[in-house]
Each structure stands twice: as structure tokens, then as C-alpha cells.
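For 7-31, 51-69, 81-99, 119-138, 150-167, the entry in TrEMBL reads transmembrane segment. The annotation domain 'Ferric oxidoreductase' is assigned in TrEMBL to 57-161.
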Amino acid sequence: MFKIPPLAITLIKAIIHLASLSTLLYFYILIDSNRLGADPVKEMIHFLGKTGLNYLLITLAITPLAKRFKQPLLIRLRRVLGLYSFVWICLHLTAFIWLELNWQVGLLIEEIIKRPYLTLGMAAWSILLLLSITSINAIRKRMKKAWFTLHRWVYVALVLGIVHYYWSVKSGLIEPSIYIGLSLLLLNERRQYFKSLYHSLFKKP
Ligand code: HEM
């Protein structure tokens with residue numbers, strides 16, 4: 001059976017970098033030419049949040065695709081995609097703190113406590129922060145098996161991120177519902193893992 005060669009993986013990584021930087025440039029051009037509509041700040045926060053979520057979903061699609069099509073080298077794309085997801089979410093958070101709160105950290109803490117959808121978003125961001133730091137090779141090697149356990153927390157980040165999105169939306173529930181459907185599909189691909197986790201947590205002799 002055809003196997004994707006290592007050189008193709010390097011090429012795909014280069015395409016991921018190019019696509020990400022082009023999206024950032026496109027976003028900058030939209031801002032610079034005042035083409036973000038009547039409420040540009042909201043539009044910026046939405047664009048960055050959704051892009052981060054898209055990258056997170058693509059990252060989580062890699063393992064099922066690699067297994068289904070027997071292409072183990074695809075796994076090498078997870079790190080770069082996951083890190084880009086974190087970068088977009090950091091920009092999403094920065095846009096909120098900068099443009100909505102004018103860098104008032106006290107107000108940010110107040111908002112996070114007051115609005116549950118922000119509490120969930122912040123919790124998801126904290127998990128992605130931890131996963132990004134521990135994706136550094138030296139740390140990963142030191143963590144040994146614990147690394148795999150920790151990185152399963154990406155499922156929690158996905159669920160928190162999706163609920164945060166659904167909760168933040170004031171009208172038009174079709175799009176967030178599609179995102180929920182896609183997330184459930186990706187989590188369903190891990191049902192074996194969830195079953196064994198359930199057994200180890202609740203069915204111990
Ligand atoms: C993994 C973490 C996160 C994900 C995946 C995420 C994703 C999203 C998405 C997809 C939207 C809706 C975009 C739309 O309606 O088109 C959104 C809205 C929003 N998010 Fe996040 N977000 C995350 C974390 C955060 C954090 C940490 C904050 C700030 C503390 C935040 C603040 C907001 C705000 C203010 C909105 C707009 C709500 C409104 O329209 O009034 N998000 N987020």
C-alpha cells in the first residue's frame with residue numbers, strides 16, 4: 001500500500017506554515033482596509049476564535065485519518081497544527097483584552113468570574129497553554145508516559161472551547177451546531193479510549 005514519504009510530510013508542514021501566514025496577512029488586510037463591517041472589534045474576536053477552533057478540529061482529525069488510511073507519518077503534523085491553534089486562540093484572547101478591555105487585567109478577572117462562557121474559554125486556553133509548553137521535545141522526553149496522559153486533556157479543551165462558543169453566540173445556532181457535530185464525530189473516534197478510561201475510573205476491583 002502507498003505510504004506518504006517523509007519528504008511529503010515536510011512539504012505539507014511548509015504548506016501549513018504558508019496557509020497560516022497567508023490567513024494572518026489576509027486578516028491584517030481586512031483590518032487595514034476597514035473591511036470588517038460595522039463592529040470590527042467583534043468581527044476580529046470572532047475571526048480569531050473561529051480560526052483557532054478550526055485548527056483544533058483539524059489537529060484532532062489527524063490521528064483518525066492516520067489510522068484509517070494507515071499513514072503513520074501523518075501524526076507528525078499534529079504538533080504544528082496544535083501549536084497554530086494555540087497561537088490563534090492567544091490572538092483571540094489578546095484582541096479581547098486589548099480592544100474590549102483596554103488591558104485592564106482587573107476587569108478581565110471580573111469578566112471571567114461574572115460570565116461563565118469566559119470562564120470556560122479561559123479554562124480551555126489554560127489547557128492549551130500547558131499542552132503547548134509540554135510539546136517542547138526536551139520536556140516531552142522527560143515526561144515519558146505522563147506526556148500521553150496529559151495530552152489527552154486536549155479533548156477537555158475541545159469540549160470547553162465548543163461550549164464557550166455555543167454559549168457566546170446570541171443568534172444563529174446553525175454554525176455552532178455544525179461545530180458540535182464535528183466535535184462529537186472526532187470524540188467518537190476515540191470511543192475505545194473513553195471506554196477504557198471509564199473502566200479504569202469506575203470499575204476497579
Ligand atoms: C480554546 C479556547 C477558545 C476557543 C476555541 C474560542 C473560540 C471562540 C469562538 C469560536 C467564538 C465565537 C465566534 C463567532 O461567533 O463567530 C468565541 C467568541 C468569544 N470568545 Fe472565545 N475561544 C476560546 C477562548 C477564549 C478566551 C480565553 C476568551 C477571553 C477570556 C474568549 C473570549 C471570547 C469573546 C469575548 C467572544 C465573543 C463573544 C461575543 O460575541 O460577545 N475566548 N470564542
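Residue 1 is the first one shown; counting continues down the chain.
Just so it is clear, glycine is given a Cβ too, placed from its N, Cα and C backbone atoms.
Automatic, uncurated: that is what TrEMBL annotation is.
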### Message
What does the DSSP secondary structure composition of the domain 'Ferric oxidoreductase' (57-161) look like, as residue counts for helix, strand and coil?
### Response
91 helix, 0 strand, 14 coil
#### Entry: Closest-packing stretch to the transmembrane segment (51-69), where packing means Cβ pairs under 8 Å, from 7-31, 119-138, 150-167
150-167
### Message
Can you tell me which parts of the same chain pack against the transmembrane segment (81-99), counting only residues 6+ beyond its ends and a CB-CB cutoff under 8 A?
### Response
16, 20, 41, 44-45, 48-49, 51-53, 55-56, 58-59, 62, 105, 108, 121, 124-125, 128-129, 131-132, 135, 154, 161
